[in-house]
Amino acid sequence: MSSSTSARTDDPPAVVLTGITKRFPGVVANSDVHLTVRRGEVHALCGENGAGKSTLMKILYGMQPPDEGTIEVNGEQVRFRTPSDAIKAGIGMVHQHFMLADNLTVQENVVLGAEALHGIGQKARKRIIELSGKTGLNVDPGVLVEQLGVADRQRVEILKVLYRGAKVIILDEPTAVLVPQEVNELFDTVRGMQEQGYTFLFISHKLDEVRAIADSVTVIRRGTTVGSADPKTVSSRQLAEMMVGSELPSPETRESTVTDKVVLDVRGLKLMTPDGSRPILDDVDLVVRSGEVVGIAGVEGNGQTELVETVMGMRKAGSGTITLLDADLTKLGTLARREAGIGYVPEDRHRHGLLLTQPLWYNRILGYQTRKPTSKGIWLDTDGAKKDTERIVADFDVRTPGIDVPAAALSGGNQQKLVVGRELSGDPKLLIASHPTRGVDVGAQALIWDEIKRARAAGLAVLLISADLDELIGLSDTIKVMLRGRLVADADPNTVTPEDLGSAMTGAGATSASVQETGTAHGTAVVEEGAN
Amino acid sequence: MGHLRGKLLPPALAIVFSMLLCGVALVISGANPLSAFGAMVTQVGKGSTLVDIVNSTGIYYIAALAVAIGFQMNLFNIGVEGQYRVAAVIAAVVGGSIALPPGIHTLVIIVVAALAGAAWAAIPAILKVTRGVNEVISTIMMNGLAIGLSAYLIRRDVFGELRGNNIRTAEIPESGWMPGISFGGGGTMFGFIFVAIALGVGYWVMMNKTRFGFELRASGESSTAASAGGVNAKKMVLVSMLLSGAIAGLISLPELLGRDHTFSLNFTAGIGFSGIAIALLGRNHPGGIAFGALLWAFLDKSGLALDNVGVPREIVTIMQGSIVLSVVVAYEVVRRFELAAEQRRVGRELGTVGGAA
């Protein structure tokens, strides 16, 4: 590996970004970013959520033009107007969220949009099989993408950019959707491809992964590059300090505040796919007590979203009961459930949490249109809503010039603080928090964690769904693992490691005493399915 | 101030642009645009034109309100046209066949018209809520059915009677009329104009001050966020569609109660479609709609003067069309510009632009 990199040191670097500045109103922008990626290396770009990594990559991939600065590829200055310009220059991007059509085959997905290269027939198929080996994808190109697991889908994404002739591959948070075991496989693939001369730009905020895979690291903070480091010598702590500029916040909760008072009691909850062919939620039993945070771990797409939306009444359960304190919520609509005392921080604040073009105070009313202080009977209480919005802005440190600006003008972290502040008002009994700190900056993350902890100490029951295993382990009193619509295992957050959780999440079964499978019959079935 | 500019600039630009466009069209067709526009303006002072404009404004206003209620939640009630036609014929039939004291008789006709409009709108609403049928398609089809139904109802063997060579329903007795304000040779202003104003005020209060208005606006802005916020989407579709239909039912009443007193073959058609354009022009705001309705009425009525200066009257239609088209574009451009400006302002005040988070 080292021979391949040293042999190429005389060549111009694969990618050089010089003085990139992007003014991007309201949210994190890039300012004077410098980045040099040598040919044949794995270069990690590190930074906290919201530090500006994705913006930078969008600039490099031609999705957004920089306001200032230059991009050089192989020593030549280039100017990308669209992603296809970047592709022509040999740059490919694997997005964090897969861009695949489930109902098409692997081959169709790969060829889609690049039909001109090798047609859509046998020639394309041959080329795909040839490239498949490089990515470690061992499936027939004729297989439907919907039949593939997450790791294989990611390989299809990599295959797509290879097929288009990429030599420099941007991986945008590729491990976010993978469990630890799959991460190792991905890294093997990356190393193998690196030896064949491919260059990788690896975007991540997970320091252990960065140190495991990267040949060099550039750290980005608050939109600008703050330095480079050698991953062989730098410690995680030093990297973390470069990223944050100060101490990292910790999700750790101290003494337990769990009581015996059951707040949420879900029994036998079932939900079928719209066509009724298979269950999305299969016989889910769940209890959340006052003062308790119950965390749900699971690879995305295993029913967590649906569980939350069913408890919220946004989806109709096929069978089962939902009880909040003494009230039976099973037959009630979303509004009545909210009125009964459920606060809801949705996983996608733009789609489910906010009215983006409306002012902050108008957003305060959403979900509370029947309650004080935002309404009186059939009338809205705009004064009350405004006053209470001022309170949230002050208490939750929402950085805004006023409560009359539209929600869209705030940065992600501030929008999220507003949502969390709103959902913690009105004295809820249960808070459902889906990925409460996804895509927010470190400051907002620490504040949101603190507020959840404080509310928990005051007796709030919390149902937490998160893909961030550190957050899940740090905040939860109880962790349940969700797989294919079932709660398959319990884990003890005091002793469990992310690796243990990861193996339970993929259905590989319990690998440690901290994870206990629930329901033997389910457990064995899962192990069998996980094995193939 | 910037706020107001964002609201007023687009329609102003659109009107100027469409005047220029029509000016060019006039020049190409060999007419003098200045004399044409001049004739339209001077026409306002002639005869009953001014009162005609006011009357027509009221009618357009009601139509646009009906459309706007649906628009608020991205519901395209293209069926206002059919709803007011059905409401008109049913209200005329009922009004002409009952005898009640003055005032009450009028009130009953109004209620019947609103109910008939709502009932006609209920069909696409129920189809949408239960079967997911797109309301654009179903309301357009209901418009076709409305023409057939109204033609059937005024047949002589049903409720119609032959008067001269016109077929019409039985005349509503005087107790069911709504008196207007007479300006002698200047014409008579419909009394129903005041109902239209009251509807506008009620609409504003509903949209801005009530829970229902909030839920309507939230549904229109983001149906997903609304449903997470506990707004029942199906209920909102049903209620707003019925409300839209009920108001649509009132469209023909100014003429029915104030002038015609019967539903005949001379029925004024097409107002529902104008209402769509006016609601777009006025951006669903009660004040904006009033302005749009006035503009529409002015173009309609003073356009009659164009024949006198040898210019085809159809130029008015071109103008109305180009206003709507350009106003939609202008609103979108200004909206994006304002949002970016707002974000920049927030960024500047918080010191986040160009570097720090």
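Cβ atoms here come from the backbone N, Cα and C positions, even for glycine.
TrEMBL annotations:
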TRANSMEM  B:12-31  transmembrane segment
TRANSMEM  B:58-77  transmembrane segment
TRANSMEM  B:84-101  transmembrane segment
TRANSMEM  B:107-127  transmembrane segment
TRANSMEM  B:136-154  transmembrane segment
TRANSMEM  B:183-206  transmembrane segment
TRANSMEM  B:237-257  transmembrane segment
TRANSMEM  B:263-282  transmembrane segment
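Contact between the transmembrane segment (B:136-154) and the transmembrane segment (B:237-257) is not supported, since fewer than 3 Cβ pairs fall under 8 Å when only residues 6 or more apart in sequence are counted. For the transmembrane segment (B:263-282), the partner stretch with the most Cβ pairs below 8 Å, chosen from B:12-31, B:58-77, B:107-127, B:237-257, is B:58-77. Residues of the same chain lying 6 or more positions beyond the ends of the transmembrane segment (B:237-257) and with a Cβ under 8 Å from any Cβ of it are 55, 58-59, 62-63, 65-67, 69-70, 72-73, 75, 77, 79-80, 83-88, 91-92, 95, 106, 109-110, 113-122, 124-126, 128-129, 135, 172, 176-178, 190-193, 195-196, 199, 212, 216, 263, 267-268, 271-272, 275. Beyond its flanks by at least six residues, the transmembrane segment (B:12-31) meets 37, 281, 295, 309-312, 315, 318-319, 322-323, 326-327, 329-330 of its own chain at Cβ-Cβ distances under 8 Å.
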